[in-house]
Amino acid sequence: MLPILLSFEGKKVAVFGCGSVGKRRAKKILKSGGIVDIYSKEFDEEIKKLKESNKNLNLIEIDINQLSDEELKNIIMKYDFIVTAINDEINKRIVKLAKELNKFVNSSTKTEGVNFIIPAYTEVDEVIFSIYTKGKSPLIAKHIRIFVENYLKSTDINMIAYIREFLKETIPKQKDREKILKKIFENEKFREELKKLIEKWENGNH
């Protein structure tokens, strides 16, 4: 697999199952602009409240066990992406049918046959970091995500971006700019002093 970033803006997504995993993945897709239909036997108050405040979320009450393969295919074919988060048996069935219809499919229990992953990720300022352990250790993925998130929060990304733009205007060679940025990034004291100067300049120009 190749890691990519994807906007779900305007994409139609079916989520089968409304347990903790199904809800979590549905929320991530909604945040990215996707149109999400959740298929489940029942829905809790949390997801019902979310539906009230989000026009891109629809809840369809249905028992997947009672559907034939043909009925499931008729549902799956309407969507761009499929997420199945019920149990291993049903997930395998949905993955198989989705693949037959050449759909992007994700499963909470099955990695074989799936062709898109929603990994653990964090976003701080303009930096997005994701980690995937191929389903072997979600706990490790979570701890790595938290570690990186804390590191990014302690690093002034906006300041580095500001300096980078300034260097582009004043230093023509990319290699020279890279050396300067590296020294700035590694020197905490210099970084703090530079941050104060930038803030002083910005305040004086507002």
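Cβ coordinates are placed from backbone N, Cα and C, and glycine is handled just like the others.
Features as listed in Swiss-Prot:
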type: BINDING; residues: Ser20, Val21, Lys41, Glu42, Phe43, Asp44, Glu45, Glu46; note: NAD(+) binding site
Task = Specify the secondary structure state of Phe43 (NAD(+) binding site) as given by DSSP, simplified to three classes.
result = coil
Inquiry  = Max CA to CA distance in Å over the NAD(+)-binding set Ser20, Val21, Lys41, Glu42, Phe43, Asp44, Glu45, Glu46?
reply    = 16
Key: Cβ contacts of Lys41 (NAD(+) binding site) (under 8 Å, same chain, 6 or more positions away)   = Glu61, Ile62, Asp63, Ile64
Request  = Specify the secondary structure state of Val21 (NAD(+) binding site) as given by DSSP, simplified to three classes.
outcome  = helix
Lowest local Cβ density among Ser20, Val21, Phe43, Glu45, Glu46, which the record lists as binding-site residues, within 10 Å = Glu45
Query = Does Glu42 (NAD(+) binding site) have same-chain partners at least 6 apart in sequence with Cβ under 8 Å from its own Cβ, and which are they?
reply = Cys18, Glu61
Ask   = So for Asp44 (NAD(+) binding site), how many other CB atoms are inside 10 Å of its CB?
value = 11
